[in-house]
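Colleague: Quick one: this structure, given as structure tokens, is what I'll be asking you about.
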């Protein structure tokens, strides 16, 4: 785990029943500031090559932020009974692979994560013998040779270690995805079938269901209601009382009341002005919950407009904001609005993100030293930082069954067995969810895998016009770009297919070449089937692949012909290789650049 460290005293990291670390483990535990490891947390380091430690953030692997503890317990936490955030999500908290050992590399601090620390963390993790690296840190849109996470992930891949990375929280903007190198496992965030609502009840009896994480509420007690726009602090000179900006509210008018705000913020300004609760407005999809500084309910524009009208037109208006409750979300899973979208900003013909995993309202272990929710042992937060460790755990699960598989093979197994998702819920289709929703159990028996090694990525990079100098900044070895290593993006052995169309006025025709490795039954025959929308013709040659042995490889070509009529449309198709037992599905996405 490359993150903010870990809180080792959490019951999610209890080592009861664990023996000593495996013999292959070469790591250490940096004991400092009362930090200790055990047979569950078998390694821990911290880095501050650029002097980015800060007061209150321990110069040790100890997590004083909470983020690293949350991600580590999501990926590999032990079952912990009666875990909750103030009674919310009460139950058994369990990581993806509870039997996994955890090694911690603290590369992030209050003021960020430096490139030097990230690369040092990668180097140590690889050298010490980890199997999976989980890195819930946003990646930039720069060239691969200047991206520390891309470089570190490449080194991990060539040493047999899969790097699982968060896609980013800049959605739903197009091309906002980060960590998009083809050797990385890029994970977007989906909702789960539980959501947290906080009810607002008006004195008129009307009830609105908003989103928030309120660990306490008014127990139905009604309080006076006021619109922030009607309570400006004229003496402060601060505008924006309708948005409840800090210093803009008149405490004499707001104290002891529920205040309505036309923006969603932390709630600090409302609490500072003495409000007992707040109703806040968002103009974004209201599909995840925050914890605020006082009881809150986040509602859409139409609902808040109605509440403001009630407040302005009613004599002595009142309202209450309830404690949050978890309810069933039958629409899940779908890609949450904040999850970063494709196309890949640097190499659009590589489909990114790769996959989606749960990343909304996730309960996991927390550091009680954190300034956010101080004292809490478990916390509920959202982000692709949360979906990434879900996928890391899934990758570790697959790796436990197939310890000799390469990072590309593990990733291929997870992509080709993913649950298929629908563009009816996410208009960006594969540019939002990649291959679909992660399905770890099916990934153990994928049938076929699309494997790749360092030389395949070298050919890809050389085909992108990289010089030998820039190539070596990534590989860290003596690789060179020559005629023999000049490949194309369309021939990189990737488990998905993406075609970015530059000129939609011309017909398209593009051929991809792929090689699959048999990991199912020794004697087996797979037949290709293609589903494609109107306007696309997709052919596969050959249409049948017969294997006589395990690990035997077969090559095929896939050709896409047709046209893209609209710049805003993603044409979704799929290739499935099936032997009637295994169904090896690869998404195909065609879109305008």
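Backbone N, Cα and C define each Cβ position, glycine as well.
Nobody curates TrEMBL annotations by hand; they come from automatic prediction.
So TrEMBL lists the following for this protein:
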{"type": "ACT_SITE", "residues": "3", "note": "active site, charge relay system"}
{"type": "ACT_SITE", "residues": "67", "note": "active site, charge relay system"}
{"type": "ACT_SITE", "residues": "385", "note": "active site, charge relay system"}
{"type": "DOMAIN", "residues": "2-436", "note": "domain 'Peptidase S8/S53'"}
{"type": "DOMAIN", "residues": "491-590", "note": "domain 'Subtilisin-like protease fibronectin type-III'"}
Colleague: Write down the Cα-Cα distance for residue 3 (active site, charge relay system) and residue 67 (active site, charge relay system), rounded and given in Å.
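Modeller: Their Cα atoms are separated by 7 Å.
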Colleague: About how far apart, in whole Å, are the alpha carbons (Cα) of residue 385 (active site, charge relay system) and residue 3 (active site, charge relay system)?
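Modeller: It is 10 Å, counting Cα to Cα.
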Colleague: Select one residue from 67, 385: among these active-site residues, choose the one with the most other Cβ atoms within 10 Å of its Cβ.
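Modeller: When each Cβ's neighbours within 10 Å are tallied, 385 tops the list.
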Colleague: Return the residues near residue 3 (active site, charge relay system) by Cβ distance under 8 Å, restricted to its own chain and a separation of at least 6 in sequence.
Modeller: 63, 67, 68, 71, 72, 104, 105, 106, 107, 108, 134, 135, 136, 137
Colleague: Summarise the domain 'Subtilisin-like protease fibronectin type-III' (491-590) as counts of helix, strand and coil residues per DSSP.
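Modeller: Grouping H, G, I as helix and E, B as strand yields 1 helix, 61 strand, 38 coil.
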